[in-house]
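A.B. asks: Okay, handing you the structure first.
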């Protein structure tokens with residue numbers, strides 16, 4: 001339910017949606033506020049085909065404003081039976097011969113959706129990545145470039161812009177063979193192209209160590225007390241002049257916190273969970289070590305407990 005202004009009640013009230021009739025109804029007085037509205041989302045009901053074991057839906061997906069026809073094109077089905085198969089295959093050939101300017105876009109959007117699903121990303125990030133790709137594709141400047149790297153870079157930029165950043169290594173793990181270097185180059189290319197087109201710098205969003213911390217801690221199976229201590233330590237680290245990448249700082253803080261825990265984590269495991277090299281974690285830890293008493297909350301470890309930390 002949601003709220004809407006009811007002219008009879010003279011106030012905002014909760015409204016109910018009658019999907020079968022397309023009506024929006026006030027729950028307090030029963031007034032129909034809107035009638036015969038069109039639901040453009042995908043239909044959830046299915047209707048079984050009596051002649052087969054399939055259970056197809058009657059309609060396709062929701063409209064997509066990035067496609068020429070809104071994604072509402074007609075698809076020729078293939079019925080059972082010898083005569084039907086001959087007819088449908090002939091029609092299908094004619095349909096495939098017809099020009100579809102959105103075919104490459106549909107394939108690109110499908111690839112982006114698959115990558116996003118594998119990373120557990122929300123729909124808003126998928127939509128933003130689709131928008132970025134559509135803008136770049138319209139500029140006709142990506143022909144001849146590594147398509148997998150371009151799509152992965154669009155997803156990386158979308159994560160940054162939606163304040164849900166992922167590391168390049170995480171994006172690379174679902175990028176269908178594109179390397180970190182290729183994705184990095186594609187990202188720089190896309191940003192440059194769009195900045196030239198817009199005539200202004202492209203907002204990418206600022207990365208903080210805390211953006212990655214909870215996900216890394218979850219991967220390592222850290223308890224809630226250790227996670228909270230790590231989050232507070234990361235926040236305090238922003239007050240210091242530590243010239244390391246946010247990902248490296250997050251990894252070093254985890255290394256520091258787990259040393260003071262009963263459930264210690266080997267440096268190798270932290271490296272695998274964060275994607276940061278062991279040597280880089282050691283160097284970042286070396287920079288953080290002198291500030292351990294300022295970083296680690298007293299509720300997690302006392303001053304004398306800090307002596308248990310490894311000397312870098």
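We number each residue from 1, going along the chain as drawn.
Each residue, glycine too, has its Cβ placed from N, Cα and C.
Quick paste of what Swiss-Prot says about this protein:
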ZN_FING   2-34  zinc finger
BINDING   6, 9, 26, 29  Zn(2+) binding site
REPEAT    115-192  repeat '1'
REPEAT    216-290  repeat '2'
A.B. asks: Please work out the number of neighbouring Cβ atoms within 10 Å of the Cβ of residue 6 (Zn(2+) binding site), leaving out its own Cβ.
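C.D. replies: Its Cβ has 20 other Cβ atoms within 10 Å.
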A.B. asks: Counting only residues 6+ away from its ends, which parts of the chain sit with a Cβ under 8 Å from the zinc finger (2-34)?
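C.D. replies: Sequence-remote neighbours of the zinc finger (2-34) do not exist; the answer is none.
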A.B. asks: Work out, from DSSP, the number of helix, strand and coil residues along the repeat '2' (216-290).
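C.D. replies: Counting residues per DSSP class in the repeat '2' (216-290), I get 54 helix, 0 strand, 21 coil.
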A.B. asks: Could you tell me which of these binding-site residues, 9, 26, 29, has the greatest number of Cβ atoms within 10 Å of its own Cβ?
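C.D. replies: When each Cβ's neighbours within 10 Å are tallied, 26 tops the list.
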A.B. asks: List, in sequence order, the residues of the same chain other than 6, 9, 26, 29 whose Cβ lies within 8 Å of the centroid of the Cβ atoms of the recorded Zn(2+) site.
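C.D. replies: For the Zn(2+) site, the extra neighbours are 7, 8, 11, 13, 27, 28, 30, 31, 33.
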A.B. asks: Which value does the mean pLDDT take for the repeat '2' (216-290) in this predicted structure?
C.D. replies: 92
A.B. asks: For a three-state summary based on DSSP, what are the helix, strand and coil counts in the zinc finger (2-34)?
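C.D. replies: Counting residues by DSSP class gives 0 helix, 20 strand, 13 coil.
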